[in-house]
Amino acid sequence: MSSGGLLLLLGLLTLWAELTPISGQDRPKFCHLPVDSGICRAHIPRFYYNPASNQCQGFIYGGCEGNANNFETRDQCRHTCGASGKEGPRPRIASN
């Protein structure tokens, strides 16, 4: 196979690996933690993985405490927890 063909194959394999969702067994345990806005009163839009819908959904983070199921962007959440690309509901305030 030519070097151009090998390069194309490598590129396609890399793309496939990036786009293949993580299976539930490979997903970090913290992806299954419930949404937790924390105890502080800031108003910071964040995203959490919702295992019931297999989506990353918005919520309002208070700025302290909470848990590790808390991402600055939807893309970070999807990449870490392997969520589907469907858009979840708008951010909501989670009650403790």
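Even glycines carry a Cβ here, placed using N, Cα and C.
The signal peptide feature in Swiss-Prot is assigned to 1-24; the stated evidence is similarity to another entry. Swiss-Prot lists Q25 with the feature pyrrolidone carboxylic acid. Marked as disulfide bond by Swiss-Prot on the basis of sequence analysis: C31-C81, C40-C64, C56-C77. The domain 'BPTI/Kunitz inhibitor' annotation in Swiss-Prot covers 31-81.
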If you count other C-beta atoms within 10 angstroms, which of the disulfide-bonded residues C40, C56, C64, C77, C81 is the most crowded?
C56
Measure the Cβ-based neighbour count of C31 (disulfide bond), defined as the other Cβ atoms within 10 Å of its Cβ.
21
Whole-number Å value for how far C64 (disulfide bond) lies from C81 (disulfide bond) (Cα to Cα):
22
Three-state secondary structure, C40 (disulfide bond) (per DSSP):
coil
Check the domain 'BPTI/Kunitz inhibitor' (31-81) for me and report the mean pLDDT.
97
Could you check which of the disulfide-bonded residues (C31, C40, C64) sits closest to C77 (disulfide bond), going Cα to Cα?
C31
Taking only the disulfide-bonded residues C31, C40, C64, which one has a CA atom nearest to the CA atom of C56 (disulfide bond)?
C31
Can you tell me the CA-to-CA distance separating C64 (disulfide bond) and C31 (disulfide bond), as a whole number of Å?
18
Take the C-alpha atoms of C40 (disulfide bond) and C31 (disulfide bond) and report the distance between them in angstrom, rounded.
22
Reported in the order helix, strand, coil, what are the DSSP residue counts of the domain 'BPTI/Kunitz inhibitor' (31-81)?
10 helix, 15 strand, 26 coil
